[in-house]
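Pulled from Swiss-Prot, these are the features on record:
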type: DOMAIN; residues: 17-265; note: domain 'Protein kinase'
type: BINDING; residues: Leu23, Val24, Asn25, Gly26, Lys27, Phe28, Gly29, Lys30, Val31, Lys46; note: ATP binding site
type: ACT_SITE; residues: Asp133; note: active site, proton acceptor
Amino acid sequence: MDALIGDFADFHKECSARTALHLVNGKFGKVSVWKHGPTQKSFFYKRIEHKHFNAIEPFVHHLMKFNKYFLRLFYSLHSLREHLLVMDYIPDGDLFDLMQTEPRLREPEISLIAYQLIDALQALHKHNVVHNDVKLENVLYRRFEQIYVCDYGLCKIAGSPSTFEGTVDYFSPEKINKHAAAVHFDWWAVGVLLYEISTGKHPFKLDQDESLDVETLHKRQIQLDVTFPADFDNPFLEEFICFLLGYCYDYRAHSYEVIQKNTYWKSIVHWKQR
């Protein structure tokens, strides 16, 4: 441990804060960007108070360290006040940032994001881990190249007790009903995210600026059909999103095995393999 601390101290001395970059801090952590002088490489520094720190976060970093869709972790250290994670920096921001400038994406970009995000989550699910907070802000994106799933502090081992943690907008019916954590929590959230990037709206909000509570969201999940703008011209994508967001679990795309059978997914795989 002393050697690790010494190594980090030497590393940090060679870094300078990139103060011109304004990042939005998460609910449980403060994020800054530092540049390492000798290599000119930038890193995320994430500082988390001990009361908010979840050991599963560095665990998932370690678990997925060979997967290109997850952030590499270089240091994980703690002091009396906080825990520090030093990770790869992705310069282009997240999907939420992108949607502020381009409120509606088009093909083939949507297919690229869908393919990589589903591939990333399936790799995580193979380890029996649920991300549990899939949303626009937690998908970093090098435009037209690659996504990176980030923020693993709310990850759950499948089968563990579930609570109302995460972002309400992406809660599945089962999460609202406090079922045990399961991979289908993530697949529902993928459906919401794909709807957002392809329409610029939320599937269950009457107004994009509306703040949903759990009760209102659940009522609309039951009562409302997912509808699309009149000019939406991709029937296969529309059907796929509706398949992910069907209220009835038995008729929904609740697993990777079911997703693989969908026409839109098959077309993406074929496109990627050309």
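The first residue you see is number 1, and the count goes up from there.
Glycine too: its Cβ is placed from the backbone N, Cα and C atoms.
Note that the structure is predicted; figures quoted are calculated from it, not measured.
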Could you round the CA separation between Gly29 (ATP binding site) and the residue listed as 'active site, proton acceptor' to a whole angstrom and send it over? 15
Counting other CB atoms within 10 A of each CB, which of the binding-site residues Leu23, Val31 comes out lowest? Leu23
Quick one: average pLDDT across the domain 'Protein kinase' (17-265), no decimals. 96
Nonlocal residues around Asp133 (active site, proton acceptor), in sequence order (Cβ under 8 Å, 6 or more apart): Asp151, Gly153, Leu154, Cys155, Glu165, Gly166, Thr167, Tyr170, Ala189
So if I draw a 10 Å sphere around the Cβ of Gly29 (ATP binding site), how many other Cβ atoms end up inside it? 20
Reduced DSSP state (H/G/I helix, E/B strand, rest coil) at Gly29 (ATP binding site) is coil
